[in-house]
Amino acid sequence: MLKSRLRMFLNELKLLVLTGGGRPRAEPQPRGGRGGGCGWAPFAGCSTRDGDGDEEEYYGSEPRARGLAGDKEPRAGPLPPPAPPLPPPGALDALSLSSSLDSGLRTPQCRICFQGPEQGELLSPCRCDGSVRCTHQPCLIRWISERGSWSCELCYFKYQVLAISTKNPLQWQAISLTVIEKVQIAAIVLGSLFLVASISWLIWSSLSPSAKWQRQDLLFQICYGMYGFMDVVCIGLIIHEGSSVYRIFKRWQAVNQQWKVLNYDKTKDIGGDAGGGTAGKSGPRNSRTGPTSGATSRPPAAQRMRTLLPQRCGYTILHLLGQLRPPDARSSSHSGREVVMRVTTV
């Protein structure tokens, strides 16, 4: 068996050597098609049948099915429709920018949930303007219940809300509390109970006729001092943790009560700035540090009087200080006082 396979292999090797050396080698053709298909004239002695002869020698003379990759001639079929011309990149950027601006101007969004009016009515509860102006009432109530503050964190305006009614006790919801908040609530409750009990006992033992023997005993007098000290400690603890517990109570109240949030009314805002509400502290800071913005609405006489008053006050104060000094010190420091007055005037 092995010998027969070796003989067959040697015979095939001899045949391959003889056929490869006796026939001229075909020139390579371009991939685009047959000889001369790319625009170049075929070489002399080069036949287009060489490739077909090789295929016939390798595959045989029987017809075979050609694959997609082996088709010599392109198949005729419907051409795809031409693609529409693309606009230049600058036009695409301008189109996207204009669409985003139009969508931002036409559809305001809630600054908490980033949803539009389809999720509910949008309110404007504070002085904030721009993209942080609107919010949904349920989103605002939920934010207040999480934060515990009824003022805007940007413009510090206190929300105008109306308490409609308290929910049914069966519908009350618990709020999320941290470990520190639970400890604060426990400290307030225990301190209040101890304070009430100790003060009640002290009042009874000091006023009741039946406790006359207790007031005369030394041990009870020591207890009076200890209870008095613990009462002071409990009062300090309640004062220290009272604000935190009150904030927790306001959070719970925001969840378990029905509210109606009112829109910001500029005419009723006494402490608001004249500009009408930019977010943050820019309004009060500008009103304090920018006198030119408010001076445009004042008459010139009032503006001049306002600028002269600080200078006259400075002169008056320096004059009084100079009169209080002794005569020798006043004469020796006359030049120094002149310098101070000039600096104040500048």
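Glycine is no exception: its Cβ is also placed from the backbone N, Cα and C atoms.
According to Swiss-Prot, the features are:
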BINDING   Cys110, Cys113, His136, Cys139  Zn(2+) 1 binding site
COMPBIAS  63-75  compositional bias 'Basic and acidic residues'
REGION    20-39  region 'Disordered'
REGION    47-92  region 'Disordered'
REGION    273-301  region 'Disordered'
REGION    326-346  region 'Disordered'
ZN_FING   102-162  zinc finger
Additional residues surrounding Zn(2+) 1, by Cβ distance to the Cys110, Cys113, His136, Cys139 centre under 8 Å: Arg111, Ile112, Phe114, Gln115, Gln119, Gly120, Leu122, Thr135, Pro138, Leu140
Helix, strand and coil residues within the zinc finger (102-162) as assigned by DSSP: 22 helix, 8 strand, 31 coil
Cβ-Cβ neighbours of Cys110 (Zn(2+) 1 binding site) (radius 10 Å): 21
Per-region confidence, the zinc finger (102-162) (mean pLDDT, whole number): 79
The one of Cys113, Cys139 whose CB sees the fewest other CB atoms within 10 Å, among these binding-site residues: Cys113
Spatial neighbours, same chain, of His136 (Zn(2+) 1 binding site) - Cβ under 8 Å, 6+ residues apart: Cys110, Ile112, Cys113, Gln115, Gln119, Gly120, Glu121, Leu122, Leu123
